[in-house]
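Copied over from TrEMBL, here are the features:
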DOMAIN    43-102  domain 'Peptidase S54 rhomboid'
TRANSMEM  47-71  transmembrane segment
TRANSMEM  83-104  transmembrane segment
TRANSMEM  151-172  transmembrane segment
DOMAIN    158-236  domain 'Peptidase S54 rhomboid'
TRANSMEM  184-205  transmembrane segment
TRANSMEM  220-239  transmembrane segment
Amino acid sequence: MLNNLTPVVRNLLIVNVVLFILKRQGFNDDWLMLHYFEAPDFHIYQLVSYLFIHADLGHIFGNMFALFMFGPLLERLWGAKRFIIFYFVCGIGAGLLYSVIHYFELSELRRITEVCLQDPTPLNLTSYASHQGFSDLLGGRPMTVDLVKQYYSQVLSSGVLEGASGAIFGILMAFGMLFPNTELFMFLIPFPIKAKYFVTLYGLYELYAGIQRSHGDNVAHFAHVGGMLFAFILIRYWGSQRNNFY
């Protein structure tokens, strides 16, 4: 089965696995993760490097298994050059959409932080602490401008993105568009399902999960949606090369 791997897919698998092993050995990969663009640790190269960093074994296994299953077929169809372009466009696009969504999620915090820093009256500082829910943590101590800056900086630095999921969801979208009638046998689904239905349902779920994001959900659902969106746009731009596969 490994002999069926195509060159680009094989190299992507190797790089991801090697970096994951290094991480398990203590390698600090924080500088490779995609930090929020307003955070001090953000660098433009992270829009690419974050695709090769994974949080844990389940994270990398899921992504690499999907790459292993669906990637070679697309690479053979398009060729190595076009597949590489597609992979990174979807991955970068996923990171961009995630960052844009995160920007709007922080809009209210950004607004009240600016108000507090521009007019740091005791009332504004106390209201800020109360609004963010850490008045009790102060233990009766007054809120200060330095604490506001420190808290806001920590929030900006906490919104990191890692993993190849955006690119992988782009690959899933491509498979569903180019091979819509291929029947897939998926884990936990007791019957075969056509690729077009599976991809559509999966995409709708990710959109719903992103909008209704529950407490404690650390999955970057909008990055997944972004990968699928950029895949759709790119494939439409290129034009479908094949409509049916059985």
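Every residue gets a Cβ built from N, Cα and C, even glycine.
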Structural state census, the domain 'Peptidase S54 rhomboid' (158-236) (DSSP three-state) | 48 helix, 5 strand, 26 coil
So what's near the transmembrane segment (47-71) in sequence-distant terms, Cβ-Cβ under 8 Å and 6+ beyond its ends?
-> 5-6, 8-9, 12-13, 15-17, 19-20, 23, 29, 32-34, 83, 88, 91-92, 95-96, 161-168, 171-172, 175
Give the residue counts of the domain 'Peptidase S54 rhomboid' (43-102) per reduced DSSP state, in the order helix, strand, coil.
-> 52 helix, 0 strand, 8 coil
